[in-house]
Amino acid sequence: DCRWFLGGCSKDSDCCKHLACRIDGYIKYCAWDGTF
């Protein structure tokens, strides 16, 4: 299962299509990767 927007992740492949794993301090979450 992939992680949806703002879901926790450790790498880009954890996230659903068009989402990438972002690191903000100690928090890692899936955010839009800019693709359609």
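Note: Cβ is positioned from N, Cα and C throughout, glycine not excepted.
Worth saying up front: this structure is predicted, and the values here are computed from it rather than measured.
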Query raised in the report: Swiss-Prot pairs Cys21 with one of Cys2, Cys9 in a disulfide bond, so which one is it?
Result: Cys9
Report summary line: Closest by Cα to Cys16 (disulfide bond), out of the recorded positions Cys9, Cys30, Phe36, is Cys30
Query raised in the report: How big is the Cα-to-Cα gap, in Å, between Cys15 (disulfide bond) and Phe36 (phenylalanine amide)?
Result: 15
Report task. Using a 10 Å cut-off, grab the number of neighbouring Cβ atoms around the Cβ of Phe36 (phenylalanine amide), all chains included. Result -> 4
Report task. Return the residue, from the listed disulfide-bonded residues Cys9, Cys15, Cys16, with the maximum count of other C-beta atoms within 10 angstroms of its C-beta. Result -> Cys15
Query raised in the report: Which has the fewest other Cβ atoms within 10 Å: Cys2, Cys21, Cys30, the disulfide-bonded residues listed?
Result: Cys2
